[in-house]
Each structure stands twice: as structure tokens, then as C-alpha cells.
Amino acid sequence: MDIVGLIKAYNPDYGAVFSDAWWNIINMEIKTALALYGAVGLLTFILIVCYIFYKRSQQDREREKMLFAQSSLAAASGDMRGLRFRKRDKMLFYGRRMLRKVKNVSGQMYGGQGRKRKAVMRFAKRLLQLRRENIPLQMRTVEPPAEYLEETMEGSDRVPPDALYMLQSIRIFGHFEKPIFLKLCKHTEVLTLEPGDYLFKITDADDSVFIVQSGLVNVSISNADGSTLSLKTVRKGESVTSLLSFVDVLSGNSSYYKTVTAKAMEKSIVIRLPMQAFQEVFHENPDIMIRVIQVIMIRLQRVLFTALRNYLGLNSELVQNHMRPKKNHNTPANVAQQQNQPKNSPGHRRTDSTPTQIHSLSEMAIPPPDMLVDLAYEHLNSSAHSHAHAGSLSTRKYSMIPAECLVNASSFDMQLVYASAVESYLKELGLNEDDRALLEQLVEVKEIDADATLITEGDSENVCIFFVMTGCLTVHQIGSNPVRVVKGDKPEVFIHHVHPGEIVGALAVLTGEASAYTIKSLCSSRVALLTRSAIYQLMRERPKIVLDLGNSVVRRLSPLVRQCDYALDWIFLESGRAVYRQDEMSDSTYIVLSGRMRSVITQANGKKEIVGEYGKGDLVGIIEMITETGRTTTVMAVRDSELAKLPEGLFNAIKLRYPIVVTKLISLLSHRILGTMQTRSGSTAAPLEANPVTHKYSTVALVPVNDEVPLTAFTYELFHSLCAIGPTLRLTSEVIRKQLGVQIFEQSNEYRLTSWLAQQEDRNTITLYQCDASLSAWTQRCMRQADVILIVGLGDGPSSVGKFEREIDRLAMRTQKELVLLYSETDSSKPLNTLQWLNVRPWVTKHHHIQCVKRMFSRKSQYRINDLYSRVLMSEPNMHSDFSRLARWLTGNSIGLVLGGGGARGAAHIGMLKAIQEAGIPIDMVGGVSIGALMGALWCAERNITTVTQQAREWCKKMTKWFLQLLDLTYPITSMFSGREFNKTIRDTIGDVSIEDLWIPFFTLTTDITASCRRIHTNGKFSFHAMVHFAFRFVLFFLNSNNNHFYNFTQTTIIFVSLFVLTRKRKS
């Protein structure tokens, strides 16, 4: 059947049903509309062009009238040249005119004049999508000054070379005033050596200090098989001496070279200073003798018992199991030796027939040394922070011995035992019978059970001297075995026994530091003990007992320690001086005794970069010496520093004698190289000594921005938190004047102040220097002494630079500076405008936000503030406070939390944060990527688990609304979604917050696919970085910043915990 024919017969106009007819109709209508729109558009364009030409011609006519008027005026005044534009002048004129109009329009836009105008401009911004927040305030990237990374090349021409070498050499015994130095110079003797001549050899008397003025001297040791091994090569300005022999000679004991010889390698001039020259000085100034012995003991503990133990794994090899007998002790074995002892030696105690004047430190005009500071002052600055430590040895006797370890001694004749203990100490300390009454008040006798612990390693409060009367004690130390320890156990290594008639513990008493050993009883024992406060009381009355205590330490040391003592050299560097330079020969390593060092590498293009910083106790340059490569960096002094130089020959001698040292060195080398690879991955010139900038500081200076800052209260609060970590000292100009006199800041007292401050730093883990409100002499001293300077300001105050804040960079240009902003806990506002504070202070490298208690901002007098905090310091500090977080940062004990990615599984981070809070673990820094970045930033912004949980829950609910995601669909050139709505959910959750404004330091990482490297972000808008972390391939677009494209870090690297230590460098 013909269907088409039937349809045509029914309706002749059947063509309208098919597409060819109605398509033609629609096409005709579209063409008509396009023609109409085109005509209207063309007419509009013509009108606009005509209007522009009309306005331009009108302006030209007005300009011609103005030029004509000006030319007429010029002609009337006699200037017939007229005014006429050249082409380039005309372009410059119109360009400036256009810029003035643009500035005028922009000023009207943001000037705040006219409500209608503002509404129009807001509409235009929305229409053109000109969002001002798309161009946020950015951190200024300012390069550090040249002095920050360069050494000082100025010479010391004011002092003759021979006097300078002499001064530097005797400084190993501490600081000496000018009159005392001149007295010592009178005893010097100049020796001239030809090549091959011996400076000293075996069996010669070891009683001098040798300083090489010119030439070269080789120091070597003789082994048992007759072979010799070079220890070190002494060059111009260096010295050869032994601190242990120095103590022996001053104690009245003869000392001889047994295995060490020194030979001139070329014609040399050597200055000889007899050690006996110091006896005259010490006789007139007993306080100097105490200070010198303390300095020697501190250096022995840091160099030998700390550095060699930590870096070379030596423990029991440093001491002897049996103490050498004391020569002036009244035992049958030593009677002959005592009879031959020189009568005028300090070690010999005179009887009444030969009276001597004993100087009491309380009667001297000069201030007492550090060990003899009033105990009440020491208690205020070191122990008043906690009532839990109020039972120290000065008030709560024998707290270091558990009560259950004491044996009931009622059956003994305690009076006889007590008299025997006093008699033993009289002989051991070389005291006279006149001192018996004083000693009877201080000596205590205790009966100890077997296997009882008398003192533990690291204990700094219960330090005392033990004299073993019966039984036996054992000395242990935590091992430094490089083999991995299972389950974090720290096995103790046996060091030596302490037999009856021997004393132990004098090293910790003399140094004022924590005990380096754990002392236990091997069996039931009876000990007589003297506390640290008792020893200090004895020293005030009888200063010369310090020689006997020092000699008791020396008699316990092994021959290896004596060989190391000869090989050591002591270096004193002023700020900016280099200890070694890049590409120099590496033949030694250095131990930082005090001060701070900075390692800088110079790239091939001449750019300099900080590699690391080193503080007290760190070992510098060991890896380059082991690998026998040139120096890869230049190491300079950030401030005045003191170092001990350990030559390569010493390490070779130790390796030959103790092969276990090789295992320790391999472990150390492996860790350093691994740290280099993690720190500078991708760098072809990574130095072997790469060590991230550590933030374990010994001295901290506190500088106020203005007078409104409660600096005293801030210092007390920080001191309170630091005392929970270790011994801490707070120093102000008022405290210094009270201790050392009102004229201590005069130029003539420079030595006394420097020496006293150095001893305070030796005794304490960290020292706080509170500056004055003006640029006084004390403020300048604080900046010179500081490892780091904290600039303290009010977070809600003006961000302008303080009145003398700019002087900080001039006085301490190489010292690191950090900004601390204070906020009251009564104000619920969050930190804002931190970037403005940082941009006006390019010298600041890091900032801290501190929420303060209400008592800090109360207006009180200095007396009432001191009285208030005398009570506060007796309480336990809050470990979760911002002050405790700052204290852990300054001491290198910060606790970091790193949150990884995982998409929706990242919600489990909230549970982890809650568990950490319930466990009482503080969080000092947070890092995160992907979903971990968002959860970490929420915690850093709020610090309240309830608020963080609510905000995270709301954000997760928004992410489940699929229709919001459809609004982000875009043309899939690089991704399917534009990310605009997603970014809005981030802003709604955490706000338009910057990373700098977070309460807790935060960092995040991204992948820069343009430069093919990782980027660490510690500043900038968090919403931008959050977008980067959710940028997946073909899903969300790659974000562009400074022509670099950033990408989700978890797409390239899963584990990044090792990067936690790199956040000190400001990158973005």
C-alpha cells in the first residue's frame, strides 16, 4: 500500500510534517534575527566610534586653545620660542595624564566617597569577577645581609703576635685580667729549635705550657711495640699542654712525659710558660684557682666524657678500675712519697709551725666565682619552679637514697664511725685539725643496702661526693652501642668499682652539671657523703680543697685520656671568624664548648646558603675528616665561641687501640649521609656535613618592641616553663648589679662580667637575658651573648618597628631573630595581620603566637611582679600552654604531628587528635598533606577538639552534596572541575586564614611539576594550598603561582615525616 500517497490525498500540504519544510522556516527566522542583531551591533559600534572621535576632537580643540594661550603668554613675557610638543614628549605627556586619571578612578573606587559610586563599583567587580582577595598580601622575600653568611676578614693588629698567641693559649684555663696576665708573662722563656730538635721527650718533666710562635712542631706517641704515631702537628699560634698535668703540678705531684714526645719539623720559636707561675697567682687570688679548676673539669667532661662517648662509643676505656693512690695520703704505702713531697707545694698542708693566710672569699673585694654564688639565689633561679623539687639536698637530706635502702645501724657505734668518716675527709681534702669542727657539721654517714641506687645519670639536684668506708660501689653509664636497641631499652655499661678509701662524684660537683654516671652499691656498704652545698661552703672557707677534688678526678683517668689531653687544642673565635673554609684540607674535627657556629656553602654561581648551625656539645667537621675529603662548607662563629680541636692523628690512635670505634664511626657516617640525602635530595653538591639548622639554644635574649610589652612577666612565664626541662637562669641588669656590683657595666670590668656570664652558661641548660627598655650597656651585652633573640610584641598592637629594634641587626647581625606576639586569654579573637609584622621586619626568621594568662597584663610595680611570680614558680607549669611550647622549641624538644592523605579516610585524623589529647601529649607543630593538611590546619586554628570535630563534620557533609560538585564542571582541558565551589567549602569551614595567623606552627608540602621538586609552604593563604592538595590528575586543575604549577604531594610521595625538620627554612 502506498502510505505516502494516502497521506498526500488526505492532506495535500503534507510537506510541513517533514523536516525539510520546518527546517527551512527556522533557518529563515534565524537569518533574519542575525541580520537584525548585526545591524544593531554595527550601528552601536559606529555610534561609539563617532562619539570617541567627537570627544577626541573636542579635547584637541581645548588643547590647542590652551597651547595658544600659553604661547601668547610666553610671547608677552619675551620668550618667543613658544611651547611645542615633540612626538616623544607628547607620548610622555599623554601617558602621565592617563595614569593620573586611572589613579583618580581607583582612588574613587576605594576612597569611600559616595554610596552610589560604591554600589556601582561593587557591581562592576562582580560582573568582571575582579576579586581583590585573589591578590592577597604576600610575604616579602628578603635575602639576609651579606654579613649573615660571610666571615669577618678584619685582622687583630692592635696586639703583638707573640702576646696574642700567649693570651690565646692561657685562655684554656679561663679568663685572666690584665695585671694577672702580665704577671704570668714575666715567667715566660723563649726557645729556639732547629729541625729535628726535641721540644720534650719521654722522662722529661711535664710542667710547662708551650706556645709555637713560628715554625712547625710534631707531637707523637710511642706504642708498646716501639712504633710511633703522630698525634698532631702544632702550627703557629697553637699550643702544647696537658690540663691533667696542670692539675697534677698544682696539687704538688710530679708529672713526667711517659709516651709523648714533641719534635721540631722546621726551625721553630717556642714560648715556654712554667706551670709553677700560676701558683703565685693562685696564692694571691684563691677565687681564680677555683674558677680555673672548674673550667678544666668542665672541658674534660664535655670533650672526653661526652664527645668521645657519644661520637666514638668509649665508656669504660676512659677511666681506670683502680684509683691511683693519693701521694699526700697517710697510708703506709705513701709515707715515703709524702716525705719527699715539696714543702711549699699547694698540695702539702702546712701545720701550725708554718702558718699561712687563708683568704675567705667573703672578705675579698672581687665577687665570688660561679660555684660560690649564694645558694638562696641559686635556689630562686633554678629550683623554685616546683615544690616537688623543694626537697633538694640543702633542705631534704639524702633524698637520693631510698629509705628502704638504709640499714638499721643502731647496733653500730655510730660515734666512732662518724669520727672515722670525718678523719677520712680531713686527709682526702687536705684539711687541718682546725677544720674538724666545720667538717663535722657537713659530713653524713649512711648504711646502704646491696644493689641500691645512690644517684642516677642525668640527675643535677642530688649531686654529692661519696667516700666509701666499707663495702663497694659500682659506677655505670648508659651505653652508646651503635647496634640497634630492641624496644628502646638503654642498657647500662659497667665503668669501674669504687673501693674502700676512694671517693666518687667530684666531677659533677666541680662542674656544677648533672651527674654523668649512675652509682650503685655492689653489696651492703657504708658511705660518708658531702652534698654540693656542703662542698661550696667548705670552698668559701678553704678554697684550696678544689685542688684535692680535682686531683681525685685526675687519678681515676686512664692513659688514653692523658694522650687525648696532649692532642687537644683549644680555639677561641670572635663573632664572624671562620674556624675553617670551604675546599680547605680537613685534618681535624671540632667540639663546640660554648657559643654557636654556622655552616655556609658557596654554590658554583657564588650564591651562599646556610647548611646548618651547631651549639654547645656538637661535633663539627668529623665526616669530612673521616672521608679524607676537602671541606665542603665554611664554618664561622655566630657569636664569641670556644672550641676544642681534635686532630686526625688522635682518631687514628684511638682506632688502632679500640677497633669498636670504627663501628661507631661507620654508624655516625651513615646517619649523616642519610640525613644529607633526605635534606638536599636532588642537589648535586650536597655537603657531607649537611645538618639542618638546629634550634637548641643555650642563651636567649628577650627584647621588647615598645614599653607596653610586659617583658618582666613574659620572662617569668617562660622561665617557669623552661625550669621543667632543665636548669634555667634568668638574668636582668638588676640581678647583675646585685651580684657583681653597681659598676660592673663599666669598661674596666669587662673581664669580670664576661667570665661570670660564661660560667653561668656552663652551669645551666639555657640562660634568659632580659633586656632593658632602652639601648643600655646591658641590652647590648644581651645581644652579644645570645644564640637567638626573641622580639616580643603585642599581637593586637601596632606592627611598627620599635624605637631601638633596628639596632638589633647592627649589634647582632649574625644572630637569629624570632618574633613573639602576645595575646590575652580574655580576648577571644584570633591572630591577624601577622604578615604585616613580618614584612616590616625582614630580619625575623620565625614567629610564635603566645596566648597569655590574665595576670601578665596587670599593671603592677616591679616589686609586686616579683612577689607574684615567687609564688607562681612554686607550682607546676602547664605543659600544654603556649609558653611550654615555646620552651620546648628553644631547647630542641618540640613534639610534631604529621598528618597524611587518604581522602575520606582522613576523617580518622580527628580521632587521632582526640586520643593524643586524652593521653596528655602536647602538639607543638603540625604538618599535613591532602586531607591531612585540612585537618591539621583546623587544629592549629582552633586548638579545641570539640570545635574541630564540628567543623570537620560540617565540611564532610558539604562534600556529600553532589549537586554542588556539578556547579564546578568545566571544559576538560586540564581537569573536569574548576574547583570554585570546592574552594568555597574550604573558606566556609576554616575561613580566609593565612598560615602565618595559625596559633600552632603549620607547614604543608606540594609538588612543583614545573621545577620537578617538592615545595615546603609555611606562609600564604591556606585556602590556596588546600586547593593544591586536592588537585588530582584530570579531576581538579593544577594551581599556578609565580609561573609554577603545584600538585598534590601525596600523588608523588607518601612518606614525608623526615621533612619535619626542614620547616625552619621559609619556603613557599
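Glycine too: its Cβ is placed from the backbone N, Cα and C atoms.
Caution: TrEMBL annotation is automatic and unverified by curators.
Ranges compared are 103-108, 235-240, 901-906, and TrEMBL records motif 'GXGXXG' for 901-906. Of the given residue ranges 399-417, 1045-1063, TrEMBL assigns the label transmembrane segment to 1045-1063. Mean model confidence of the motif 'GXSXG' (928-932) amounts to 83 (pLDDT, 0 to 100 scale). When DSSP labels each residue, the motif 'GXGXXG' (901-906) comes out as 4 helix, 0 strand, 2 coil, counted as helix, strand and coil in that order. Helix, strand and coil counts from DSSP across the domain 'Cyclic nucleotide-binding' (172-299) read 40 helix, 44 strand, 44 coil.
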